[in-house]
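K.L.:
So TrEMBL says this about it:
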- 34-355: domain 'Amino acid transporter transmembrane' (DOMAIN)
- 40-60: transmembrane segment (TRANSMEM)
- 72-92: transmembrane segment (TRANSMEM)
- 104-124: transmembrane segment (TRANSMEM)
- 144-167: transmembrane segment (TRANSMEM)
- 179-201: transmembrane segment (TRANSMEM)
- 221-244: transmembrane segment (TRANSMEM)
- 265-286: transmembrane segment (TRANSMEM)
- 292-318: transmembrane segment (TRANSMEM)
- 339-360: transmembrane segment (TRANSMEM)
- 385-433: region 'Disordered' (REGION)
- 392-404: compositional bias 'Low complexity' (COMPBIAS)
- 483-534: domain 'Amino acid transporter transmembrane' (DOMAIN)
- 511-531: transmembrane segment (TRANSMEM)
Amino acid sequence: MQHHVAKQMGVPLIDYADAMKHAVEGGPKGISWLSKPAPYLVDFFLCSFQIGVCCIYVSFISNNLKQISDEFWIVLSLRTWFIITGAIILPLNQLRNLHHLSPLSTAGDFLVVGGLGVVFYYIFKDGLSLGSDVELIPENPFKGFALFFGTLMTAVQSIGVIVSLENNMKQPADYRKPCGVFNIGMVFITCLYGFTGLVGYMKYGAATQGSVTLNLPKTSILPVLVKLAFAFVILFTYPLQCFMPTDILWRNYVRIHITQKSRKWVYNTILRTVLVVFSVLVASLIPFLDLLISTVGAFSLPTVGITFPAIMELSVFYKENSSPRWEKRLTTWIKIKCIALIIFGIFSMILCTYVCLFSISDAGPNTANPTQVFVGNLTATLTPSNTSRVMNNNNNNNPLPNDNLKGEGYGLDTQPHPPSKDHGDSVDLGAKENGLTQPPYLHEPQYMPGKWRIGTLLPAPKGSLPEDFDPYNHRAGIVKGATTNAETLIHLMKGSLGTGMLAMPIAFKNAGIVDGLIGCALISFIASYGMHQLDRRHAPRGCLDFCKLVSALNKIDEESI
């Protein structure tokens, strides 16, 4: 739907919040009232999910380091390891230029693949059997499936960041064809997640822990190296994972109130520090973060991944249906489908969140030793493979995220160069080197005057666009380093080989084998369809945000993070 909204607005790329706002503005009366709060709701749910995952990272690293230290070095309390981990993460999260982490990210690709290979080796080492402690259907299937839902939604929706690869493709329209890159990748990912959860649960049964790595032998050197490898990868993924909430909060809610340029660096540093301290405090205060991350997945992701995309689709087709220049598309099937998805998203969020909160309350503070409670639903929303992609999109000379884009909207200090009749030289950045032949983009996005940027995108002036304008075909000068279909599929596959796989055995333990297999296919299909509806799923302002100004591209090569 972001593609449709971008076409209606006359812009080549549009972020999630703006797309949501402008979509529902033209929707039915029962939905159009959401246009004002919609951008803030999108930011809230995205930030709540991303900050929750940051808390998970802190606990993941601390638990792994404590388990290794207890066996081979010195016994320290878990909260001591939280403090140590926070002290290590704090300076890393102050990096404005993530390009410095690129070599470590490349090494992380090999560590993740090697670590998963060791995990599967130990799973199949002594064979698999369906023991008496392996349940086909759990005693409390509703509770188990609710926890399974939160875990799997978090794991599958982590692929949402990879969906941003579409915007860097030479042929982005091929991404979502029936047998396109996205569908092929999601089928592979779903099968891989289901297979990992099934064999992991069959291997360890009732003893399955929040991460399958914690079921590995504690004293053998190879499993210890695997735990260190995953802790290393997560440690250097944290700054990128924390980038999305930092960028959203900074650009939309903090920077607008800072008038002195000299103080921007100070306040940006404070914001980054607060997010790290908050994640450490949450990890320290709530030892049952396996349940917490299930709550985060059940609360945030059905909304931004199912409910909002369905609302956008219904609104966009409703608006197109009332416009003579659009083909009438609001069929009865679309109405039924969108309403069903909206109801499913809302009820799944409410019911599954309630079950997760009840499970946290039922667990109690003394139910388990916190050193044994692992962050069960750890998922790498940004895995090492796509961290390197984001890092390579940085400008080495800009200290703050997007501070080089000043003024209203995306405007620079200089005025944009007017395009010539033959589309001029102001749009040739990246088109020739990528072999692109699409016509350039003619209109630069503008925003309503005022401090607030969120939800203020203005449509293109009438008559400024060609009749055949299409966001897919008119952004040749926007995207640099475009990838082929095969390269994009490889990135998508690499992105799935993250720590989200490690949580699948505990998800199958909660749901049972039967519900786990059925739920894995069903939930993955629904989540994938939600990503299809959005076009640019988890790439709101900053994750993989490309410059939208031709004039900006004349000044800088790539947008700074």
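Glycine is no exception: its Cβ is also placed from the backbone N, Cα and C atoms.
Whatever TrEMBL says is automated annotation, not expert-curated.
Please go over these features one by one and say how buried each is and what sits next to it.
P.N.:
Long-range contacts of the transmembrane segment (72-92) within the same chain: residues 57-59, 61-63, 65-66, 101, 224, 235-236, 238-239, 273, 276-277, 279-280, 283-284, 287, 370-371, each at least 6 residues beyond the stretch ends and with a Cβ under 8 Å from a Cβ of the stretch.
Here the transmembrane segment (265-286) has long-range neighbours at 51, 54-55, 57-59, 62, 79, 82-83, 85-86, 89-90, 93-94, 96, 242, 245-246, 249-250, 254-255, 258, 292, 360, 399-401, meaning same-chain residues at least 6 beyond its ends whose C-beta is under 8 angstroms from one of its own.
Residues 142-143, 146-147, 149-150, 286, 288, 291-292, 294-295, 298-299, 302-303, 305-311, 314, 526, 529-530 of the same chain lie 6 or more positions beyond the ends of the transmembrane segment (339-360) yet place their CB under 8 Å from a CB of it.
Within the chain, the transmembrane segment (511-531) has long-range Cβ neighbours (under 8 A, six or more residues past its boundaries) at 134-138, 141, 144-145, 147-149, 152-153, 156-157, 159-160, 163, 182-183, 186, 189-190, 193-194, 197-198, 201-202, 301, 305-306, 309-310, 341, 344, 537.
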